[in-house]
Ligand SMILES: Nc1ncnc2c1ncn2[C@@H]1O[C@H](COP(=O)(O)OP(=O)(O)OP(=O)(O)O)[C@@H](O)[C@H]1O
């Protein structure tokens, strides 16, 4: 509380801090703008009044500016000059000088213009003022860890026990509310808050979201927040890093002190040399002082060596510690946190930022500190030599150093902004390298180039500002000190004329100021590097400050009993707080049992696997193993119970044996080989020259996808998991490898609890239970036969996929004539024509990322998907593409290629390796001559085109409706 009540004002003279409770009742909404008339009808002013008004003027201007800002933030019309509440509030504040006019202004705006209940002002009044003033001074940042606990925050603020950080947090929350829900959402929230409801209810009434969802959404919105930390926190942090190395720190300190002492003594000795030696021509004094000067010089040179030795050791050691801590932090981040950091940022943090900070700790900071000591020492000597000159020196220097400080603050900001842009470009380049084949096939080089140009421009602007402000800070320092030097030398010369100071003192001052100027120049040269390091440190600190948030279980429950039962009870989950990705899922099963998770793309199947393996925790509801909530199970035990095999087959760049053994580090060689046998990869390994010691190359690139997947399966089997989680385990492989590995998976999962996410339903008849998901809900469950009898979503999916089979060990595709007839394009074709079409269908196996139809072109073929998934997108005017739908097995696309001169309305690209049946326009023409130029045929063409157009329009409309309705639906679901 002390912090808020007594802390410095955020905007000079406008004290925002004393707002824990409104100290006088908010004005009645009916009494609007009582002082406006006063302002308008002001009588002619006396001189005193005019003077007073002049004194108040800057304050009035600041208040008017604050009002403008508040109105813009709150969506209110901007007040006319001298017509707003600021004038009235200023009038009031003259009558109540103890009151803070800024606080009063926000209070009146919220209550009178937005009808906010007065009792919500302790929360949002403070929050809005904090937000408005933080916009000006950039002090609004909070870390993700500080978001949340709205109930506690509200309680502390309304009882007056809030801290300074609470004030910053409520400012950040107000900003989030305004940016996400607008002024209306904020007011709805404040009304619910004022009615004294529990916080969860307040959140639901204010935003339609539960407290947990809203807090999560707030946290997610903070992911890109820029911390605003300056030089002092950086120095404090640096000192903390150096603390373990006492010997080197002490050597460094002694070296700096010796240098400083020499800098202090040298002018005194110079003074003595001139006044007591050279002027009276005393040889003994001259020799003695020369001996001091030379001796001092030698000692200082040795001290310089000690400094160099210390900093060269200290910097790398300290930064090595930081590197290790940062890596540990990375390992301790939950999936949720990890998704908040861009991989480019993390890479550039290790490659760039740590190096920049190290460089600053070795060079810039010791240099600046030792030179600062020199300057302080010089000032002390200045006082000893002549106090009058010293006062003049200190005053001039204080004035002179004010300007560089201002520029320095801007330079630190610019440096941080540059670091952020650097991280973005690294990410962009990484993405470009990864997606280069896609960029080529989609002919996106031009578009990508223009995106890169934009980024280059932003980087140019950011680096221009960074360098310019960094250099200006140095230049302003040198300039300011040189000007001060000139002033002081001039003053000394004038005082020596009147005999007030001696010639020796003036000479000593000249030496002193030269030393001072040299030190200042040195600092100026080192400042840009230090400023750059502050920007880098903020990013490192941002990661280091992030709490370790891997979901942790309680250590006491080891779940020793064999697994007998798995249950999801009313589980809801959201990745971002924006919408629910799983909605109230309840699913129970005895173990062991084989469960297939199916449903359209994005329906939440993988999320089930993510929650079961505790990559994330459910927001509400519980997941039980043998009636024990998985959050209560010891993490190590939980992980040993399960193994996940998904489509990612990236291996570590190490031997095959290592890549299998990481499944269970203590496994013996025999166990590793047994796992490889079970995964049916042992025989292959024995054909390699180095057998199990063969290095698999970066990411495993020396092996085929199927071989990599078998190694991943062997790794999973080494754990002998009771629960096997398969998430599209074979979809990234080619069809032959898939067919072979599916057999292996079928065998190894026979006696285990199995959850298998799959798009291909042909494995479902063998499963004990099939769970069908749609839009995050479990919409159907039962055996394959039960679900077919239901004639629901599953039956429709089955029908779409049935009669299309991958045959001949993954080398061929079979499709029936009946299946072809279900395609609207062929609906009117007779049996014979269909048979001929079937014989003309070509089987194509294509890799993921292949573009098969390009929006706006007429090239290509008609495709039916037999395996894999294809994404259909449209290009938006801003150059980004919008995913229309993900087409799966049984779907077809490219109908427009069969028509004459009608361009594809979307771009279709394979998401996974696919097996497709395709037909060209020429082939189709041989069966049914669609291109014949008879009126009848062109009418048919037109009819087909119109049907397809309608389908596309309907899809667009449906998609837009779905997106718009999503929030609404989620709100209802939560309520
Ligand atoms: N890390 C994430 N952050 C934000 N949203 C996510 C994340 N992962 C998945 N989602 C979203 O959650 C929803 C469910 O995703 P999920 O991966 O569970 O679906 P799925 O049914 O497995 O889809 P697919 O078959 O395409 O793999 C989707 O809308 C998806 O966009």
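Using N, Cα and C of the backbone, Cβ positions are placed for all residues, glycine too.
Heads up, TrEMBL stuff is auto-annotated, nobody curated it.
Per TrEMBL, domain 'ABC transmembrane type-1' is recorded for 252-532.
The domain 'ABC transporter' feature in TrEMBL is assigned to 566-800.
The feature domain 'Cyclic nucleotide-binding' is assigned by TrEMBL to 825-927.
Counting residues 6+ beyond its ends, the transmembrane segment (245-270) has Cβ neighbours under 8 Å at 289, 292-293, 296-297, 299-300, 303-304, 306-307, 309-311, 313-314, 317-318, 366, 369-370, 373-374, 376-378, 380-382, 384-385, 504, 507-509, 511-512, 515, 519 in the same chain. As annotated by TrEMBL, transmembrane segment applies to 245-270 (among others).
According to TrEMBL, the transmembrane segment annotation covers 290-315 (among others).
What TrEMBL lists as transmembrane segment is 368-385 (among others).
TrEMBL lists 391-412 (among others) with the feature transmembrane segment. Under 8 Å from some Cβ of the transmembrane segment (391-412) lie the Cβ atoms of residues 230-231, 379, 382, 466, 469-470, 472-473, 476-477, 480-481, 483-484, 487-488, 491, 513, 527-528, 531, 534-535, all in the same chain and six or more residues away from its ends.
If you look at the transmembrane segment (476-495), the same-chain residues 6 or more away from its ends with a CB under 8 A from one of its CBs are 388-389, 392-393, 396-397, 399-401, 403-404, 407, 501, 505-506, 509-510, 513, 516-517, 520-521, 523-524, 527. Look at TrEMBL and you will find 476-495 (among others) tagged as transmembrane segment.
Annotation comment: TrEMBL describes 507-531 (among others) as transmembrane segment.
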>> Under 8 Å between C-beta atoms and at least six residues away from its ends: which parts of the chain pack against the transmembrane segment (368-385)?
In response: 255-257, 259-261, 263-265, 267-268, 271, 307, 393-394, 397, 505, 508-509, 512-513, 515-516, 519-520, 522-523, 526-527, 530
> Can you tell me how the residues of the domain 'Cyclic nucleotide-binding' (825-927) break down into helix, strand and coil by DSSP?
Replying inline: 23 helix, 39 strand, 41 coil
> Across the domain 'ABC transporter' (566-800), what is the average pLDDT of the model, as a whole number?
Replying inline: 89
